[in-house]
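Below: one structure, written as structure tokens.
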Ligand SMILES: Cc1ncc(COP(=O)(O)O)c(C=O)c1O
Ligand SMILES: N[C@@H](CCCC[NH3+])C(=O)O
């Protein structure tokens with residue numbers, strides 16, 4: 001697949017890669033590597049495409065914070081009008097710390113605990129996206145015990161093939177997510193009979209890194225069929241909102257997902273044609289907001305040319321950026337400074353972690369020397385939020401760029417930080 005032009009926030013100036021108005025090499029020198037650098041303008045621009053697409057409609061864009069849950073990024077998006085989609089008690093606390101109004105928080109996930117439910121009810125979140133009948137019963141019990149009614153939406157599994165990596169497809173019968181199509185009406189009957197619950201919506205999320213409009217259109221038709229059936233049950237149910245989940249893909253390697261505004265123009269047309277244009281629309285985008293707004297900077301430690309393979313050993317690794325190891329994902333890799341004095345060679349870009357799966361890119365043509373720095377592109381989503389301390393490596397630092405201003409939004413983690421919660425034996 002041919003590579004696309006660089007994302008708009010990355011430009012080549014005088015042979016150096018810049019993010020907005022700042023040289024990435026200068027940022028790497030100032031803050032060390034590995035370093036995540038995010039462009040505020042890029043994420044606001046991505047959000048803007050959804051806001052344009054849904055303008056004039058009652059809607060709530062709940063950024064799926066699992067994609068990147070940095071407090072500063074959450075604040076940026078919340079201040080720009082986002083609600084948040086959370087999947088754990090930890091994310092709930094972060095969402096509140098970032099200043100998100102509780103009623104603009106929705107809670108997804110198949111394994112919510114009673115304690116998480118209680119806390120979410122105490123602060124008054126907007127909606128629970130319930131994923132099983134057993135969860136519905138527990139939520140009812142917890143809500144009654146604390147004297148509240150939980151607003152619920154049932155996450156349906158529409159059995160639509162999102163045509164994405166099997167690990168990130170969620171809307172097929174074989175996936176653990178959502179309530180099977182055939183059980184949806186009974187689930188709404190159950191919900192309607194629970195005094196601790198208030199039915200407010202329906203929800204569906206079919207997967208991630210979806211690069212075509214067709215799966216969304218299929219899912220929409222199925223969900224609307226269900227809305228009609230639910231409201232026809234004679235239980236007096238009227239669904240206030242319809243949540244279409246997230247999942248829109250980004251360009252990693254010449255991928256061409258539809259633009260959010262264009263996709264929504266199509267979806268809204270169908271929604272209106274089916275007579276449901278008056279419902280509030282919720283969406284839960286993650287990757288498409290932050291994915292291409294971030295890069296991970298890394299320094300070349302050693303060149304290790306070999307008979308069969310040339311290895312470029314860099315200081316970022318699978319613990320910082322797990323997507324290649326987990327999904328064989330492709331992330332474009334670019335030198336921060338162009339080099340005229342070195343012939344390009346084909347390299348496997350690998351990290352220092354003791355696993356053969358610790359690679360960031362394979363067979364990459366690069367002209368580099370030890371000490372050079374590289375940018376791993378499309379690293380704004382599911383990189384830092386999936387980072388670990390494997391090999392007792394500290395998590396990377398993070399910088400948010402706004403024009404010519406760079407703000408350190410997370411310090412580099414030290415070994416002492418990692419040991420803070422442990423109790424050594426006497
Ligand atoms: C329930 C739910 N909502 C939203 C998202 C966000 O997806 P994406 O980052 O692909 O937009 C996910 C992740 O796939 C999810 O599981
Ligand atoms: N972690 C996945 C996306 C998971 C989406 C959450 N359901 C990725 O990096 O592509």
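Glycine too: its Cβ is placed from the backbone N, Cα and C atoms.
All annotation found in TrEMBL is predicted automatically rather than curated by experts.
Among 188, 330, 382, only 382 appears in TrEMBL as part of the pyridoxal 5'-phosphate site alongside 247, 284, 285, 286, 287.
Proximity to residue 323 (substrate binding site), judged by a C-alpha distance within 10 Å, picks out 382 from the recorded positions 247, 286, 287, 354, 382.
The most densely surrounded of the binding-site residues 247, 285, 286 is 247 (count of other Cβ atoms within 10 A of its Cβ). Here the recorded positions are 66, 287, 323, and the one with the most other Cβ atoms within 10 Å of its Cβ is 287. Largest Cα to Cα distance within the recorded substrate binders 287, 323, 327, 355, 382: about 27 Å as a whole number. In this structure, the binding-site residues that sit close to ligand 1, with a C-beta under 6 angstroms from any of its atoms, are 284, chosen from 284, 355, 382.
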